[in-house]
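Taken verbatim from Swiss-Prot:
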type    : residues                                    : note
BINDING : Gly77, Asn108                               : anthranilate 1 binding site
BINDING : Gly77, 80-81, Thr85, 87-90, 105-113, Ser117 : 5-phospho-alpha-D-ribose 1-diphosphate binding site
BINDING : Ser89, Glu223                               : Mg(2+) 1 binding site
BINDING : Arg163                                      : anthranilate 2 binding site
BINDING : Asp222, Glu223                              : Mg(2+) 2 binding site
Amino acid sequence: MRVFIDKLKDKQDLSFAESKNAFEILMNGKASDDEIFDFLTLLSSKGESSDEIAGGVFVLRDKSKRVNVDDCIDTCGTGGDGMNTLNISTASALLLSSMGIKVAKHGNKAVSSKCGSGDVLEALNIKIDLEPKDIEEQIKKNNFGFMFAPNYHSAMRFVGPTRKKIGKRTIFNMIGPLSSPALVDRQVIGVFDKKLLKIFANALNNLDIKFAWIVNSEDGLDEISPYSKTNVVQLKDGKISEMLIDPIKLNIGANKFENLLGDDAKFNANKMLDIFKGEDNDFSKAVCLNAAAGLIVSEKYTIFIDAYNEARTHILSGKTYNDLKEIQNV
């Protein structure tokens, strides 16, 4: 482990192979607490590279319990934007599943916010502690399955205490959203910092992803924002490109940021139920913007505004609420 730590001390990036080797040592419980501490803090102070992130993802995926499903999408973001918004990507995942898109959602309970995806799904009476075969069945039947990260990544136990001791963001906050136990090859990923857009795209390019959108909005969300421009980096078939989504030009008509602020799991779940029943508000529009990205990445649409309009028509019909009841009954 020391050879990698010494390289990081010299502010040198690790290669993909070196990163894989280092994370193998970490995830096999062969590194001391001091080595884990040095490795994670030095990576953070240097700035994590795409090869370092990809190496970590490769190992974490390899050691996770496996969910065997085909052609699914995930909408798992990094979190950590500090905005305490409603659960936009979780709501967009449920909307997409109601629209016929197979979603293997990977997530956790709250870390920096009041309510993570696991918390809000529990508040909606959706089971989050399912085994792989149950999730496979649920996706087959209802187009939606949730993989609760701690149940699937037992190797994380070796680094958990040191991450707590460090007490701030580490490379694991970036590795987690990319480490789906379902090995999805289509993703919409929100990131907490604009500078991660291309880093994530290059990391995913090492990992056999067919189509991904990595997003960060100019008002600081790790989502597509209904209020301000969102920077998007697209990875499709090995090619990386950039674009901008402007809600003013798209005539989204959202009013004020306060309308997206969340609270505890019960509050957030009730807001989600309201929009699934067809209530039209800023939260509904934000969810449809992010679902539109999912429709693009699933290759059901090629034009963003068309995908958005289809998501709007669907959510306002109330059908999402009826489909949610099927997921709750599992």
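Heads up, the Cβ atoms here are built off N, Cα and C, so glycines get one too.
Positions of Swiss-Prot features highlighted on the structure.
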residue: Gly77; record: anthranilate 1 binding site; Cβ neighbours (10 Å): 27
residue: Thr85; record: 5-phospho-alpha-D-ribose 1-diphosphate binding site; Cβ neighbours (10 Å): 23
residue: Ser89; record: 5-phospho-alpha-D-ribose 1-diphosphate binding site; Cβ neighbours (10 Å): 29
residue: His106; record: 5-phospho-alpha-D-ribose 1-diphosphate binding site; Cβ neighbours (10 Å): 27
residue: Asn108; record: anthranilate 1 binding site; Cβ neighbours (10 Å): 19
residue: Lys109; record: 5-phospho-alpha-D-ribose 1-diphosphate binding site; Cβ neighbours (10 Å): 18
residue: Arg163; record: anthranilate 2 binding site; Cβ neighbours (10 Å): 17
residue: Asp222; record: Mg(2+) 2 binding site; Cβ neighbours (10 Å): 26
residue: Glu223; record: Mg(2+) 1 binding site; Cβ neighbours (10 Å): 29
- Cα separation, Glu223 (Mg(2+) 1 binding site) to Lys109 (5-phospho-alpha-D-ribose 1-diphosphate binding site) (Å, whole number): 18
- Task: Could you measure between the residue listed as 'anthranilate 2 binding site' and Glu223 (Mg(2+) 1 binding site) for me? Cα positions, answer in whole angstrom.
- Result: 25
- Task: Whole-number Å only: compute the distance from the Cα of Glu223 (Mg(2+) 1 binding site) to the Cα of Ser89 (5-phospho-alpha-D-ribose 1-diphosphate binding site).
- Result: 7
- Item | Neighbouring binding-site residues, C-alpha within 10 angstroms of Gly77 (anthranilate 1 binding site) - of Thr85, Ser89, Asp222 | Ser89, Asp222
- Where does Ser89 (5-phospho-alpha-D-ribose 1-diphosphate binding site) sit in the DSSP three-state scheme? helix
